[in-house]
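Novice: Quick one: the structure is below, and I'll ask about it shortly.
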Amino acid sequence: MASTSALSSLSCGKLASWTIAAVLLQILGLSLFVIGFFPVKPTLPGFSGPESYRMPTCESVPGAEEGDLPPEKLRSLYKELSKVPPTYDRLVLMVIDGLPAEFVLGRGDKPPTKTMLEAMPYTQSLLSNGKARAYHAKAAPPTVTMPRLKAMVSGAVGGFLDVAFNFNTQALLEDNLLDQFKRIGWKLVMLGDETWIKLFPRLFSRQDGVSSFYVKDTVEVDFNVSRHLGVELAAKDWNLLILHYLGLDHVGHIGGRHSILMAPKLKEMDDVIKMIHMRTILHQHNPSARTLLLVVSDHGMTNGGNHGGSSYDETDSLAIFIGSGVDDPDKSLSAREAASQVDIAPTLALLLGVPIPSNNIGILLRGMFDNLTDEQRLRALQLNSWQLLRLLQAHSPSLLCGNSMCIADETDIQTNQTIASMKENLCYLFSRAISAHNMWFLHQASGLTSKSTDDLGFAINFYYDFLGNASEWLSHRATDKPFYLLLSGIAIMILSCLLLLNIAFRLLKVCRQGQYCFVPKSSNPVWHVDEAFTLIGILLHVLSLGASSMVEEEQYTWQFLTSTLYLIFLLSAVKSLLKKSKSDLIKIQKNEINHTLHGSLINDDISCTTKSTNYESSSHSRELPDNYQVFSVLVVLVFGRILRGWHQGGVNWVHLPDISKLLVQGGDFRIKVLQVTSLFGFMILGIFALYFVKQGTYLVRLVFCSYLLCGFLVLLHVIDSQSHNIGPTDSSATSVAQIFYACAGSVVALTVLLSPWTIPVNLDVSSITSDFNSNSEIEYTRVFYFLQGTRDCTYLIGTTCIIFWCLLQLLLQQPVNAMPMLMICLQEIASIIYFSSHRLSHRQWVEVAAIYFLGVAGHFGLGNSNSLATVDVAGAFIGISNHSTVLSGILMFIITYAAPMLSFLSLLMYITVKDTNGIFPDDPGWNNALHLMIGFPCLLPLVFNSIVLVAFTIILMLMRNHLFVWSVFSPKYLYVCASTLCVYIGVLVIAATVVYTGVVLTVRAKTPKSLTI
């Protein structure tokens, strides 16, 4: 009676209601925390004007005196106030998307490889002859295009969530170079990446944008830029020409950093540089028009060709200045100075005669102003210092006003004291630079040449000391996070987690009180080894999230947890095999009881066994030999070990050799063989799974025929596609993918909607219950057939979803991931076969946890990590003819979370083949049986994810001032949020499928005749 009351207190409706409430609370808490933790950095309003050429004071407010001036007069005013004459009046900004500086400048003291040197001969000749000045311009994470372009033209570092806005670019409203150029009357022309048009709408006189997201195209995307080049270089009506080439970045996404297409693409870019240099600088038609060519890259790329993270390969971007007056007397590789990408903005501003953008945190590039007079060089550094001082004042008003005013005398120049407070230190460094500048000026006026020379070096170094410290402080500075908002979000998420844990413990209590027939009611609840390890494993995982190195290499945690848990299962299976004789005896006894029960169901003491045995005979689960159980676990362990070596995941060891790198080096043929092999493997698995569906329905035949058609479409895609695609996206390949989407989507939708109506199910029990002596026995039989029908329908739906999901992954995933996807699917199927055994004593929540662990381990087995660089952008545009942020985002999510979603679909099949002894309730009623069937498969993933989410949210708040907060912990938090969404979708699929099936079967039971197709 205790177990019955416990079950009634946790009815299906209450379970669903409390779970939904907990999920809604979790969403609310997560939203509050994200809003509070990822704020927008403080910015100064408006645009820099004449006030930027004056020393900031307590009362300094951006003026508007230039607002009514025409462009020509404004340009003259800037020139007069600046006292730094503009060196150039035309700029060609050439952006080579994704070009690592290492390809051109080498790495450290090592020169570029011979292949790279030969790929760009003209550029290398300019550098070796000192006709150009190059920098390793370090990009700040996230290393995606939109925030990096904003950094180059505004000098400001955006918020971390710019990685999300990269896919839906909005107009840039902050102060920036392009708007400053427009204000002085410049005409701007843009050719290339349409991100520029989205950032600066209605700013360009002429424009021709191309989408940056069709990464399969490496030719047309650059040809669309170069086809206008000859005409534009001959034109004289522009002052700024932007050329943004995307082909090299696309080559990286398709074939990686060492793609065979990389050298030809670099040669193509070198030819463009040569053409621009020859026609606009060496042999320009207008000698008075001084043109500067700036070749930059927005970010680098990993060995796999991706980007978005903070590794050296991704942040190593390039900046090459080419023009008259630009020279580099020291041509050695060691002399290549490291700079920041934001340093480009203030350097261009003073070279071209406009104010430095107000929110700039960059500093003037060393060497770019060496051709100016000493006074002009110091003036340029002074302007840069004043601009940063204004920005510092916005962050900390007391820096200029109050007790810590930046005023000092000349004696400060001799001081080399240590300042504890960062504000006081910045104040001291600024005052020291001003003092050195004033001392140089006094010595110049008094004619002390030797001293003035020394003072010049002191002043320059002191200015750069202040600029470097101020820039570093501002780059890590954001608005003070609203602590109350963070705490509110965490408190709500903790409440949600506790609510989910309470529901899970109550459901577990129902099971432990004997509600499951296979647990003897007289036995004491005992924690088994697998249960203890699962809980300890979750605890260890939570603790590991506090270490940055463990976050970067999280794949090892999940590989350890999964392999160890299945080793425990292997020991259990071997133990069961050794006790075969005892199991045979139990089986004989069950058969005798079953024979007796066919005559009568009067004895209440054995009714539970009767229900289980009858239902067991009709379920999809079949008693397998003991050696099959051992073999199933071995399949999981062996494939898990292969997956561990397939991709050298993580961050720190990604450069080490692995199976995927060997296959790529071996050529396309080997990869295509594996793709075709994987396809036939999936086809055989799908046909085998459909074989167990009840025959005689046209719906099953429709699923079978559609499956064959979709498999053929995937085969066409594999044959036609090339791992290194040099041409534009083939329209036929797009059509094949679109047909696949339509066919697979339609069949899955029809199966979900129609299978509960069409699968033959015996819902009329009146003909077989005439000999029953009690209403309870009739109700048990009714529930028995109801569960049987639910399982039959759910099996067909689950099978259909799994087989089409796997085919979809073959279409979208990188070719080298075809075989890992097959191995992950075989792991899931082997687990289901193992858990379907009647002899095993694993509790259902442990089995659900094991399948969940397989999904997370498979996520890392496909090459994913906690770095944004491993997000596969290339596959997100397969089958899309017109760019759509929503569709590409959905496909990107499907690719990234292929394995976790497969584990949820596997849970659908798991609950249909699971031994009936574990789910049949003592209290009759289909709602009680239903919630015991799907309770753990829906609740356990939510609980595990909630624990990780709450724990890492607390860790992130504690680490908010950590050195790696933006490079390690914040990207991981984005993955945690995306994983939470994945869990929501997976649980919704399971719950909605089973509940919808149950509702339809209930309706059919009340209908005299039901549809059968």
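Any Cβ shown, glycine's included, is placed from N, Cα and C.
Not my notes, these are from TrEMBL:
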TRANSMEM  15-38  transmembrane segment
TRANSMEM  483-505  transmembrane segment
TRANSMEM  556-578  transmembrane segment
DOMAIN    628-996  domain 'GPI ethanolamine phosphate transferase 2 C-terminal'
TRANSMEM  673-692  transmembrane segment
TRANSMEM  699-719  transmembrane segment
TRANSMEM  739-759  transmembrane segment
TRANSMEM  793-812  transmembrane segment
TRANSMEM  844-862  transmembrane segment
TRANSMEM  890-911  transmembrane segment
TRANSMEM  932-958  transmembrane segment
TRANSMEM  973-1003  transmembrane segment
Novice: Need a quick answer: max count of Cβ pairs under 8 Å to the transmembrane segment (973-1003), which of 699-719, 793-812, 890-911, 932-958 is it?
Specialist: 890-911
Novice: Within the domain 'GPI ethanolamine phosphate transferase 2 C-terminal' (628-996) only, compute the mean pLDDT.
Specialist: 83
Novice: Give residue numbers and ranges for long-range contacts of the transmembrane segment (699-719): same chain, 6 or more residues beyond its ends, CB-CB under 8 A.
Specialist: 672, 675-676, 679, 682-683, 686-687, 690, 693, 733, 736-737, 739-740, 743-744, 746-747, 750-751, 754-755, 758-759, 796, 800, 803-804, 807, 810-811, 815, 1013
Novice: Give the nonlocal contacts of the transmembrane segment (793-812) in its own chain as ranges (CB under 8 Å, at least six residues past its ends).
Specialist: 620, 675, 678-679, 682, 685-686, 689-690, 692-693, 699-700, 703, 707, 710-711, 713-714, 717-718, 737, 740, 744, 747-748, 751-752, 755-756, 759, 761, 818, 821-822, 825, 828, 875-876, 878-879, 891, 894-895, 898, 901-902, 905-906, 908-909, 911-913, 989, 993-994, 997, 1000-1001
Novice: Would you confirm whether the transmembrane segment (556-578) and the transmembrane segment (890-911) meet the contact rule of 3 or more C-beta pairs below 8 angstroms, pairs 6 or more apart in sequence?
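Specialist: Contact between the transmembrane segment (556-578) and the transmembrane segment (890-911): absent.
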Novice: Spell out yes or no: are there three or more C-beta pairs under 8 angstroms between the transmembrane segment (15-38) and the transmembrane segment (844-862), with each pair 6 or more apart in sequence?
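Specialist: Taking Cβ pairs at least 6 residues apart, the transmembrane segment (844-862) and the transmembrane segment (15-38) are not in contact, as fewer than 3 fall under 8 Å.
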